[in-house]
Amino acid sequence: MRIFVIAVGRLKDGPERELAARYEERARASGRALGFTGFETVELPESRSPRAADRKAEEAAAIVGKLGDGVLFVLDERGGSPTSEAFAQALATQRDAGRRSLALAIGGADGLDPALLARAETCLAFGRMTLPHQIIRVLTAEQLYRAMTILAGHPYHRA
C-alpha cells in the first residue's frame, strides 16, 4: 500500500523540511518489507480566494483530485488522538484489507472543508492544541516512521 501525505501549502527549505524528509525516508525504508510500497508527500498550493469557505472548498477539491480511489485520513484539531500503536494498527488494517493507497491530508491555514471531513475514513489530531503547519508535517512523518517500527517490532518505539 502506498502512503501519501497531501498537504496544502509548501514547507519552506529549512530544518523542518529536512527533518520531515529524514523521517519520510526512514518510513520508506522500514515500510518496504511490511507491504508499504511507497511514501510520498504532495504539496498543493494554498487557495487565494478572499473567503475562507471558498478557500477550504478549493483546497478540498485539490486534495480529492490527488486522492484518487485511496483511503482518506485527515488531520484536524477536532479529530481523535489515537496512540501510536493504534495508528500503526489502523495503517496495517487498511493494508490488510487490500487498499492500494492511503492519504493523510493536512489542510491549509483555514482548516479542512466540512465535506472533506465527512468523506474521511478517519479524522486524527495531534492533541487539542493548534500547531503550526511545519510542526504537523514533521509529526506526521515521524508518526509514519514510528508506525512502521511498531509493525516491524523494532525497538525505536519503547512505550
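Backbone N, Cα and C atoms are what each Cβ position is placed from, and that goes for glycine too.
What TrEMBL says about this one:
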{"type": "BINDING", "residues": "Leu75, Gly107, Phe126, Gly127, Arg128, Met129, Thr130, Leu131", "note": "S-adenosyl-L-methionine binding site"}
Phe126, Arg128 as binding-site residues, winner by CB count within 10 A:
Phe126
Binding-site residues compared (Gly107, Gly127) - the one with the fewest other Cβ atoms within 10 Å:
Gly127
The answer, for which of the binding-site residues Leu75, Met129, Leu131 has its Cβ ringed by the most other Cβ atoms inside 10 Å, is Leu75
Per DSSP (helix/strand/coil reduction), Leu75 (S-adenosyl-L-methionine binding site) sits in strand
Please work out the number of neighbouring Cβ atoms within 10 Å of the Cβ of Thr130 (S-adenosyl-L-methionine binding site), leaving out its own Cβ.
8
Using DSSP and collapsing to three states, where does Phe126 (S-adenosyl-L-methionine binding site) fall: helix, strand or coil?
coil
